[in-house]
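Chemist: Shown below is the structure under consideration.
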Amino acid sequence: MTNSEQERWSRVKGRLRSTVGEDVYTSWFARMDLEAVQDESVHLSVPTRFLKSWIQAHYAERVLSCWQAEMPEVHRIDLSVRTAMRCATPAKEAPVAVEARRAERGDAKPADTRAPVMTPVAASHDALGGSPLDPRLTFASFVVGRANTLAHAAARQVADGRRGDPVMFNPLYIHAGVGLGKTHLLQAVTWAGNAGGERKVLYLTAEKFMYGFVAALKSQTALAFKEALRGIDVLVIDDLQFLQGKSTQAEFCHTLNALIDAGRQVVIAADRPPSDLESLDDRVRSRLAGGLVVEMATLGEDLRLGILKSRVAAARAHHASFDVPEPVLDYLARSITHNGRDLEGAINRLLAHSKLNNQPVTLDMAEREVRDLVRPQEPKRIKIEDIQRVVARQYNVSRSDLLSSRRTANVVRPRQVAMYLAKTLTLRSLPEIGRRFGGRDHTTVLHAVRKIEALVGKDTTLNDEVEALKRQLQD
């Protein structure tokens, strides 16, 4: 790509950001790249089939108009998926896997391509009863906001699919902190997916998966367990961070591979991204990262207010006289910032106090009842990728330079500063930091940390730079 094309692309992105707004741009366009400009066509790419489909369906004309404002001669936008476009030709696959992927591309009729990996047996095994589902956790009760737009759209896409449809992204991996809505989305997928009766959607916690596998081994029914699991249309796994044990992880990996290769959908949730699941085998992490990985961010005040109103409406369905005044809702939304469960707990407390004491809800009552839920603002969670990006921009190098093996002075110092910040601003271990910096050994990270620690004590310029970087990352 030429410099002039890159400059044009930057202006188009700025125009697109202004047109759709910051939230929409971040959700759908932040990972879109320019590949080439040829004659009257512009070739763009995105990392997943889901993003490609969504942009084509909802924003194609807008992207084209932004390009035409920059280059009037452009009349066509070609959007492709980077992973499919840039990967080397794979080795010859087993027939089932090949046919399943043809179905994803639309090269063959889906009905002819969704052959199961094994002949499914009756789903009578204890583990296939699934984990309990909460009837309240549906799409209808899920409140959508800036923090969860992409995760909700992806989950809805899975739930609305039909048997025989090509799988757009696999697996769908959703990660977030406690109480931000992961389980709600996964159970909503399960409820909606099973509603039509056409597909079998199974929801399991990682703990239930482990229990089922161990029980099957003890009862010598492991083969039935495996066959039944691999006959599922959509497998939904919650709290993957709790998956332990080499044999259990190996079986999970085999199940994951078998379902994906057969064109079956897998949806997974955990409290961290795949790369941070250090207890999992590298093969599992790699497979998880190959799908659509979506983070659900912390709840903004508007979203917290929406959740509170939703919970009040749900409570009013059973207690018609229950009401929470707007000033009380505003106070709760401002004050309870930790997670959605605390918000629901606050409404439950107000309901109980109001009903048991036959008193209306007031601001004074709310302040008394939820005092323990009002917590100090948590510090911003800083990611190693954010550190690399900010440091690279500060020292005018690229992120790939920081991850490379280059040893030139203009790269070594920024890399050491980034490693130092990763150690001081995150909870990541030295081996994990080294792995995020191009697979370096933990001793290299330790050397960098000690080097910068020594220098900031005597080099005021470097100390000022490091402190400025910390402020940027923490703001």
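Every residue gets a Cβ built from N, Cα and C, even glycine.
According to Swiss-Prot, the protein carries these features:
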type	residues	note
BINDING	G179, G181, K182, T183	ATP binding site
REGION	1-73	region 'Domain I, interacts with DnaA modulators'
REGION	73-131	region 'Domain II'
REGION	132-354	region 'Domain III, AAA+ region'
REGION	355-475	region 'Domain IV, binds dsDNA'
Chemist: Please count the residues of the region 'Domain IV, binds dsDNA' (355-475) that DSSP assigns to helix (H, G, I), strand (E, B) and coil.
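Modeler: Looking at the region 'Domain IV, binds dsDNA' (355-475) with DSSP, the answer is 83 helix, 0 strand, 38 coil.
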Chemist: Please give the average pLDDT for the region 'Domain I, interacts with DnaA modulators' (1-73) in this predicted model.
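Modeler: The average pLDDT of the model in the region 'Domain I, interacts with DnaA modulators' (1-73) works out to 83.
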Chemist: Determine the most Cβ-crowded residue among the binding-site residues G179, G181, using a 10 Å radius around each Cβ and all protein chains in the structure.
Modeler: G181
Chemist: Around the C-beta of K182 (ATP binding site), how many further C-beta atoms are within 10 angstroms, looking at every protein chain?
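Modeler: Its Cβ has 23 other Cβ atoms within 10 Å.
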Chemist: Around the ATP site formed by G179, G181, K182, T183, which additional residues qualify by having Cβ within 8 Å of the site's Cβ center?
Modeler: A176, V178, L180, H184, L185, A269, M296, N339, G340
Chemist: Please give me the CB contact count at 10 A for T183 (ATP binding site), counting all chains in the structure.
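Modeler: For T183 (ATP binding site), the count of other Cβ atoms within 10 Å is 20.
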